[in-house]
Amino acid sequence: MKLGKVEFCHFLQILALFLCLSGMNQAELSRSRSKPYFQSGRTRTKRSWVWNQFFVLEEYMGTDPLYVGKLHSDVDKGDGSIKYILSGEGASSIFIIDENTGDIHATKRLDREEQAYYTLRAQALDRLTNKPVEPESEFVIKIQDINDNEPKFLDGPYTAGVPEMSPVGTSVVQVTATDADDPTYGNSARVVYSILQGQPYFSVEPKTGVIKTALPNMDREAKDQYLLVIQAKDMVGQNGGLSGTTSVTVTLTDVNDNPPRFPRRSYQYNVPESLPVASVVARIKAADADVGPNAEMEYKIVDGDGLGVFKISVDKDTQEGIITIQKELDFEAKTSYTLRIEAANMHVDPRFLSLGPFSDMTTVKIIVEDVDEPPVFTSRLYSMVVSEAAKVGTIIGTVAAHDPDASNSPVRYSIDRNTDLERYFNIDANSGVITTAKPLDRETNAVHNITVLAMESQNPAQIGRGYVAITILDINDNAPEFAMEYETTVCENAQPGQVIQKISAIDKDDPPNGHQFYFSLTAEAANNHNFTLQDNKDNTATVLTRRNGFRRQEQSVFYLPIFIVDSGSPSLSSTNTLTIRVCDCDADGIAQTCNAEAYILPAGLSTGALIAILACVLTLLVLVLLIVTMRRRKKEPLIFDEERDIRENIVRYDDEGGGEEDTEAFDMAALRNLNIIRDTKTRRDVTPEIQFLSRPTFKSIPDNVIFREFIWERLKEADVDPCAPPYDSLQTYAFEGNGSVAESLSSLDSISSNSDQNYDYLSDWGPRFKRLADMYGTGPDCLYS
């Protein structure tokens, strides 16, 4: 039977493996034939066993323990007197030994990828004495690899990019698979790569795993992404080998291989002539299949009749060309514009210049539409001048506006009164002539800025605005005056010719050549003997003394009239009075006091001394008043009569009175009958020091005298009572007003002995008026009978 090359190779590998394992597993301890030797009185035999490595296959799937090898000592005669023990890694748990025969077995499935070898120690013992008959020796059990692990891509899945239009063989990315099997034994870890998906666009190097392009001119715009499946197989890719796969996503990156192209060769847009400057007229875009920087473009107007009227810029986000207005459009001047616009890539790749020019041209036509425009003034700003002396109705100037539309509608003018609140000016509605409406004053407002409105007669909603600046020319209409309020003083010891004040003047006018003032004294003051005036010729003047010996007691204030003339045409003048006070000055000429009354005071007494004297006098007066008061307090008796103490406090209870039945609020007997004897009682508000007897009873006298004496007596008591609180007592004696059917019910009126009023009818009014009937009735049980 003939075998193929592959089958024959497999047969040889299996045969070699079997022979190797069978030879190693039969390794034994062989007794050395060398004679023993002696040393230091001790007898030691030469080591009598030689170790070899043991090998065991991983991943044993049998049910019985796997035989590993056999240990044997020359001392062992086969009579059972020797036993073998095993220690070290995996002893008793993984590896066991027959203590009689020395056979070693593996009880568990072993995995070389977990542990490649185990180090153990073996020893032969005398079964009876349990002492070693041979020295302990160490040996290794190696786990022999089998192909039980497939290759794995630890970094997968992969993503990569390659520029479009790359040539064949351009490297894209390298993939790497790892096999956990033993790379030093057999082909279990020898991996080869192949591509399962992604052909014919890409290929992979079998040994290195480098992925390369396999087709030229791959176009991103046609397809920009590819999914590849790469396989890694061990056993050098032979049948029976294990394999693993991974995916690789390859993206074609963009290159500038597409020139920009306008979708249309011409465009047309309509815009109103009223569109403001900087407004967008249109947006155009050249198509470019590329992306990112490769699609960036620039636009420019290369030709046409609107080069100065329009401009084009690029929108960085959309790569559109934006056409905007640079100047105002005027349908009456030009109705259309034609622009020749070019779009070009900003980043051109020289490798693809053969694909054509990376720019394109298009034509844009802009049609200007007519709109109804407001009137337009011939000038944006009118400057006019007028004298402040101009009379009402004086013509200042003229403004003009026209309708720019083809209809050329008539225009009417008016002034925006928000800019002329005082209505200083008027304008003729038809001619645009501006005149004065009120007298002008440059000093109030030197420049008037007004707005003139021009509106179409046919369409008043169309309003144009013009601006007029009216400057008021100055005339000499304000007389000069002192620059400030001067406080001038002259010392009593001033010498003749001494400067006491320097003055200046101001003028509200504004002459073209500046101010020039002339100072002098008025005619009536020119010959005074006290002061003189010197013009300094620089718009100032100096006031000087003419004599000495000024005295405040003779004259404390001088009034000096000064005449000031300006240089206007015609010139204006004014008389200003300078007030000069005579003062007492120190040695340095500094004024100390300017009051003339100070001279009537005694010499040698200062103000502080006078104040001290006045304070002493007031203190003495207070002491005298206190002494007098204390003496009167000792002499006058203290009256403590509760009935006579009518100095009642005002107390507010905020509650309603008791009406007619309430007779307890105030005892009127003291007012009605003053002939009763009053008991001496103490005051309720203070503690008296001395008790006095009550005063004698009053005699019966006429009613008006009774009341007058009663009031005066109480007033005298309050005046002399030293214990009375320091406040006034308010007593009200009033009569009820007219209008009541019962007329007045006041007891003050009822006490009159001359009254013939009969109050017996009160008894018929019911129980509410019973008390009044008892008080005022004429019955036998009357209270005052």
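Placement of Cβ uses the backbone N, Cα and C atoms for every residue, glycine included.
Annotated domain 'Cadherin' per TrEMBL: 73-153, 154-262, 263-377, 378-482, 482-599, in sequence order. The signal peptide annotation in TrEMBL covers 1-27. As annotated by TrEMBL, transmembrane segment applies to 599-628.
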Summary of DSSP states over the domain 'Cadherin' (263-377), given as helix, strand and coil counts: 10 helix, 54 strand, 51 coil
Tally of residues which DSSP labels helix, strand or coil - the domain 'Cadherin' (154-262): 3 helix, 45 strand, 61 coil
Averaged pLDDT score, the domain 'Cadherin' (482-599): 88
Helix-strand-coil residue split for the domain 'Cadherin' (73-153), DSSP-based: 0 helix, 35 strand, 46 coil
Summary of DSSP states over the domain 'Cadherin' (378-482), given as helix, strand and coil counts: 0 helix, 48 strand, 57 coil
